[in-house]
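Student: Following this message is one structure expressed as structure tokens.
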Amino acid sequence: MIAENKDYVKPDVNTLPAVLPAVAIRDVVMFPGMSLPLSVSRSKSIAAINLALDSNKYVVAVAQKEAEVEDPKAEDIYRFGVLSEITQSLKMPDGSIKVFLQGIARVKIEHLDFNNIANSWFASVFYPADEKVSGPEVTALMRQLLDEFEEYATVSRRIAVEGVSFFRQIEDPSRLADTIASNIIVKTSDRQDVLEAVNPKDRLELLIKILANEVEIISLEEKIHSKVRAQIEKNQKEYYLNEQMKAIQKELSQKDDFQKEIDELRSKIKKNGLPKNAKESAEKELDRLAKMAPFSPESTVSRTYLDWLVNMPWNSSTNDILDLKKAKEVMDADHYGLDKPKERILEYLAVSKLTNSLKGPILCFAGPPGVGKTSLAKSIASAVGRKFVRMSLGGVRDESEIRGHRRTYIGSMPGRIIQGISKAKSNNPVFLLDEIDKMGSDWRGDPAAALLELLDPEQNKDFSDHYLDVPFDVSKVMFITTANSLSSIPVTLRDRLEIIDFSGYTEYEKEAIAQNHLIPRQMKEHGLKEGSLEIGLPAVKLIMRDYVREAGVRNFEREISTICRKAAKMYVENCGKTVTVTKDNLHDFLGVPRYTNFTTEENGVGISTGLAWTSVGGETLSIEASEISDGKGRIMLTGKLGDVMKESVHAALTYARSKGYGKGIDFNKTDFHIHFPEGAVPKDGPSAGTAVTTALISLLTKNPVKKNLAMTGEVTITGRVLPIGGVKEKFMAAYREGVKTILYPHTNEKDVSEVPEVIRKQLKLIPVKHMDEIVKIAFEKGEPKSSFKKSKTAPKKESAKKAAKSKKPAVKKPAVKKTKQVKKTAKKKK
């Protein structure tokens, strides 16, 4: 019950202003004397409240005609309101304001204008005179109103009957009418009519009619409930809701909405062309629904299931754009390079055009972040004219995310595959399964195992979702998955994917992407018109070398965005003068360079440069070796190394010792420390074997490694150089760091063709089969001397000289040894 505030002192309306801020309120009509708590969240209403708080705390509270209108116009607001004072206000964290309004007097709004500057409505108001009425007729009306109100309180059970005694103490007819009107639950329009009734006598008569009508409606509702209760005594309780609906329909002559809904579902089952098994399941469920109570929990579950089943795009598909030229133009407009995936899509379209029927391919775009895997999938959907659906698999650990929940569970839903296809309203969309390598598994199941059926061309024609419980054909869907690393994808799942590698961009490709895509896009986003910002090509190259180190262009674009923000500020401050970015003033925009090319410039004794590959692209790897005399023959390894790399270091030292390097060193009393800088970064793999071996030989022979030389390859204890992976990424990283010469395994020559020609021309690429070849090339002072060669060759040469001087037959035997030794030495050198 809303009561008036007796402690409030009503101001004199003659002293109040004629123009006040106005607040449009929904679902409630304010009355004089009424105290109303109100939560204000709309911007125009907040502005009006703030204006009132800053001045005299008075606002006009006026109801809007339709509560659903979020941004009402002048015609949506009534022309009678209540002058109200803000007695309390509280600003909430979400920006809204909670206020308490105290109604003061009726006002008639003569003009309602919106002020764009203040973002608020302003009302020019007229204060109608509060007429004083009395006499027997008024007294009779007041008594009749109180009787009707008491009956209303009795039948509605919304107001305690004892509380009616409070209203009988009110002697002023105007105040009585306003107080009762603020405490009954009726339509907003009826309340507004009471507010607009300026004469208290008219107001009393109107309220009597409203209350009498409301009492009649409530009595009719009670009568319907009584009939239903009588029927329940004769029939089973499970038909309670059905009988209630029949009683309501009999009284109000309304159509059976539940039966209408069943008829609509039956019509959809016939029209939507469901497959035989799906149609049988839908009809069976519909028959069950028809026997249920309309508002029972079971009927809600059944209706939801039928909605999913009949609204699935069983036969709805989009027509592919089979124009190869147009498809290529669409993909080229959005992405520079990426020839392999584009070529694969064009091949699919060509075959589809020739056969008129083809299963959707299941592709996997594998590569480092920021190279355009996800965005290319969107372009493919646009190029082939299909709907696009994206599902992120990162962090997914529940099998039900893929295959849905069974309907026996509360709140069960289809899996996200079926949800995505239903949302697309097409059975052949381009469906992107993003970050497939980031899935996990726990007690809820393994999502990767659930994907086996989905991504198998031989099985996905009958993909079974636990919720639908009928097979759905997803063979027409073009599935595209993305991954940064293939190693974390289960072998059985990887076997079902057609892998397309996305290697990092070259500097030349990044330059083209920056000039044609990144810079224009960032300028547009930051409001910079053409000609307001100029970024020179040398500055673009410097950004790539000194500020970003990545295979893709995500951080590259972020740096360009930083330049655009600072350029926008300078452009505004300099009154529209063009901002030019050069390599000389680049640090003013981006600060101190984050990276320096130091790796290949510091090679010396015990230092070599290797090449590594990670999921985010290629990297150069500096390797340092040091010896500690008076030790215990230990090998110390630092740099957060994996087991494979540790074993590679041991193999390298074994090879170096077997070749006799390290004359005069007592290996039993010397410790060797091998360090890989950037110790916080985990490192593993055998491909640094050649670089580790070279660093150890350099240390043992005190022969420095050549500058601007890097190498990669696995080494065995006999010195054979074995093949490695990530050739393209490693070579691109070496080129970026200023390396001039690269030694790589001979068996990887076939992979060199994948390296862009513009990079191959600027690098000296030397394939090697054995560590002996690397030893001849890698050192500043030439090939290091082996202690074994010296100890074995000198005595044999001396015996050969003695044999040459002697003519005795007995000396011929060493001469034969000389010949064999010469042949053996020649063979070894070869």
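Heads up, the Cβ atoms here are built off N, Cα and C, so glycines get one too.
A quick note: this is a predicted structure, and the numbers were derived from the prediction, not measured.
Straight from Swiss-Prot, here's the annotation block:
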- 20-215: domain 'Lon N-terminal' (DOMAIN)
- Gly367, Pro368, Pro369, Gly370, Val371, Gly372, Lys373, Thr374: ATP binding site (BINDING)
- 602-781: domain 'Lon proteolytic' (DOMAIN)
- Ser687: active site (ACT_SITE)
- Lys730: active site (ACT_SITE)
- 784-830: region 'Disordered' (REGION)
- 802-830: compositional bias 'Basic residues' (COMPBIAS)
Student: Far apart in sequence but close in space: which same-chain residues, 6 or more away, have a Cβ under 8 Å from Thr374 (ATP binding site)?
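Tutor: Looking at Cβ-Cβ distances below 8 Å from Thr374 (ATP binding site), excluding near sequence neighbours, one finds Arg390, Leu432, Asp434, Thr482.
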Student: For the domain 'Lon N-terminal' (20-215), report the average pLDDT of the model, please.
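Tutor: In the predicted model, the domain 'Lon N-terminal' (20-215) has a mean pLDDT of 88.
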Student: Give the three-state DSSP assignment (helix, strand or coil) for Lys730 (active site).
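Tutor: It is helical.
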Student: Quiz question: given the binding-site residues Gly367, Pro369, Gly372, which has the greatest number of C-beta atoms lying within 10 angstroms of its own C-beta?
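Tutor: The residue with the densest Cβ neighbourhood is Gly367.
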Student: I'm trying to understand the geometry here, so how far is the Cα atom of Gly367 (ATP binding site) from the Cα atom of Ser687 (active site), in Å to the nearest whole number?
Tutor: 19
Student: What are the other residues, in sequence order, whose C-beta lies within 8 angstroms of the center of the C-beta atoms of Gly367, Pro368, Pro369, Gly370, Val371, Gly372, Lys373, Thr374 at the ATP site?
Tutor: Phe365, Thr482, Asn484, Phe502, Ala551, Gly552, Arg554
Student: Nearest to Lys730 (active site) in three-dimensional space, by Cα, is which of the recorded positions Pro368, Pro369, Val371, Lys373, Ser687?
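Tutor: Nearest candidate: Ser687.
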Student: Does Lys373 (ATP binding site) have same-chain partners at least 6 apart in sequence with Cβ under 8 Å from its own Cβ, and which are they?
Tutor: Phe365, Gly367, Thr482, Phe502
Student: Could you state the whole-number distance in Å separating the C-alpha atoms of Val371 (ATP binding site) and Ser687 (active site)?
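Tutor: Between the Cα atoms of Val371 (ATP binding site) and Ser687 (active site), the distance comes to 25 Å.
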Student: What number of additional C-beta atoms lies within 10 angstroms of the C-beta atom of Gly370 (ATP binding site)?
Tutor: 22
Student: In whole Å, how far is Pro368 (ATP binding site) from Ser687 (active site) when you measure between their Cα atoms?
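Tutor: Ser687 (active site) and Pro368 (ATP binding site) have their Cα atoms 19 Å apart.
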Student: Ten-angstrom check, please: count other Cβ atoms within 10 Å of the Cβ of Lys730 (active site), all chains counted.
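Tutor: Excluding its own Cβ, Lys730 (active site) sees 28 Cβ atoms within 10 Å.
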